[in-house]
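Asks: According to TrEMBL, the protein carries these features:
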type: ACT_SITE; residues: His96; note: active site, electrophile
type: ACT_SITE; residues: Glu166; note: active site, proton acceptor
type: BINDING; residues: Asn11, Trp12, Lys13, Gly172, Ser218, Gly239, Gly240; note: substrate binding site
Amino acid sequence: MTQRKKLIAGNWKMNGSLSANQALLSGLVGQSQGLVADVAVCVPFPYLAQAQEVLKDSAVAWGAQTLSEREPGACTGEVAASMLQEFGCRYVIVGHSERRTLFGESSVVVAQKAEHARVSGLCPIICVGETLAERESGATLNVLKSQLEPLRAGLLTSADFVLAYEPVWAIGTGKTASPEQAQEVHAYLRNWLVERAAAISLEAQQRIAGVRILYGGSMKPANAQSLLAQPDIDGGLIGGASLVLEEFLAICRAA
Ligand SMILES: O=C[C@H](O)COP(=O)(O)O
């Protein structure tokens with residue numbers, strides 16, 4: 001069985017200030033020794049330089065929360081993969097439900113963003129998840145499948161990406177998927193990846209087993225351990241709790 005090192009990634013969303021970040025980032029550096037899991041923070045674009053400066057000699061990685069699917073050039077307000085690379089990013093979140101809902105990002109665009117990240121040496125954290133209405137109508141697995149479908153063969157073959165299952169109804173609501181609910185979906189996602197990779201090549205099939213699938217949606221110190229104990233939950237994508245040093249560290253320690 002493939003052993004996957006757990007990853008706990010903080011998604012700060014549109015939060016932070018230079019002074020608050022300084023305290024949070026230095027606290028992380030000071031207290032992250034001895035953690036078994038990989039740890040990362042995905043910060044707003046203007047704070048990438050600060051994250052790089054504070055985290056550069058630590059085991060904590062950093063990244064961004066989205067990127068452009070276009071080539072650098074005439075595209076006001078957008079940020080290219082090559083720019084993120086210049087700030088030492090390892091990760092970039094793509095397809096978060098807030099981007100899909102508020103900014104109309106389709107699964108095709110999300111796949112393009114993931115591909116741009118990959119070819120620039122960044123590791124995309126690709127988010128998928130169903131709404132409450134979709135879950136209640138029994139459409140969860142079909143929704144997830146349609147979100148995954150456009151992912152490119154090159155990305156799947158590289159296996160240098162992370163998948164994050166984030167049920168929309170659990171994001172920022174305090175409602176968490178039960179460990180069993182989450183495990184059921186993660187197992188489905190794992191199986192989808194394996195089948196798709198097997199259809200590409202033996203090499204892709206072998207590598208895909210190492211892809212980590214994170215759970216996101218109101219993961220807190222109180223529920224982290226039971227979620228992270230599931231065989232197909234390889235870490236967490238943490239929103240609110242990643243802004244509170246002690247809570248984020250407690251989740252990292254649970255992994
Ligand atoms: O990207 C993180 C997720 O949206 C989860 O956010 P949350 O932990 O605040 O529910």
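Each Cβ is built from the backbone N, Cα and C atoms, and glycine gets one as well.
Those TrEMBL annotations? Automatic predictions, nothing curated.
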Asks: What binding-site residues in Asn11, Trp12, Lys13, Gly172, Gly240 place CB under 6 Å from ligand 1?
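Replies: Those binding-site residues that pass the cut-off, since their Cβ is under 6 Å from ligand 1, are Asn11, Gly172, Gly240.
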Asks: Look up Asn11 (substrate binding site) in the DSSP assignment and reduce it to helix, strand or coil.
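Replies: Looking at the DSSP assignment, Asn11 (substrate binding site) belongs to a strand.
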Asks: Name the residues of the same chain, 6+ apart in sequence, whose Cβ is under 8 Å from the Cβ of Gly172 (substrate binding site)?
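Replies: Those within reach of Gly172 (substrate binding site), by Cβ under 8 Å and sequence separation of 6 or more, are Ser218, Gly239, Gly240.
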Asks: Which entry in the list of recorded positions, Lys13, His96, has its Cβ near the fewest other Cβ atoms, using 10 Å as the limit?
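Replies: Ranked by other Cβ atoms within 10 Å, the recorded positions Lys13, His96 bottom out at Lys13.
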Asks: For the recorded substrate site formed by Asn11, Trp12, Lys13, Gly172, Ser218, Gly239, Gly240, name the remaining residues of the chain with Cβ within 8 Å of the site's Cβ center, in chain order.
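Replies: So the additional residues around the site are Ile171, Ile238, Ala241, Ser242, Leu243.
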Asks: Per residue, counting other C-beta atoms within 10 angstroms of the C-beta, which of the binding-site residues Asn11, Ser218 reaches the highest number?
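Replies: Answer by Cβ density within 10 Å: Asn11.
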Asks: I need the CA-to-CA distance for His96 (active site, electrophile) versus Lys13 (substrate binding site), whole Å please.
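Replies: Rounded to the nearest whole number, the Cα-Cα distance is 10 Å.
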Asks: Going by DSSP, give the three-state secondary structure for Ser218 (substrate binding site).
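Replies: In the DSSP reduction, Ser218 (substrate binding site) maps to coil.
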Asks: Just the number: how many Å between the Cα atoms of Glu166 (active site, proton acceptor) and Asn11 (substrate binding site)?
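Replies: Glu166 (active site, proton acceptor) and Asn11 (substrate binding site) have their Cα atoms 12 Å apart.
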Asks: Give the helix, strand or coil assignment DSSP yields for His96 (active site, electrophile).
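Replies: It is coil.
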Asks: Which residues, sitting 6 or more apart from Trp12 (substrate binding site) on the same chain, put a CB under 8 Å from its CB?
Replies: Val41, Cys42, Val43, Pro44, Tyr47, Gln65, Ser242, Leu243
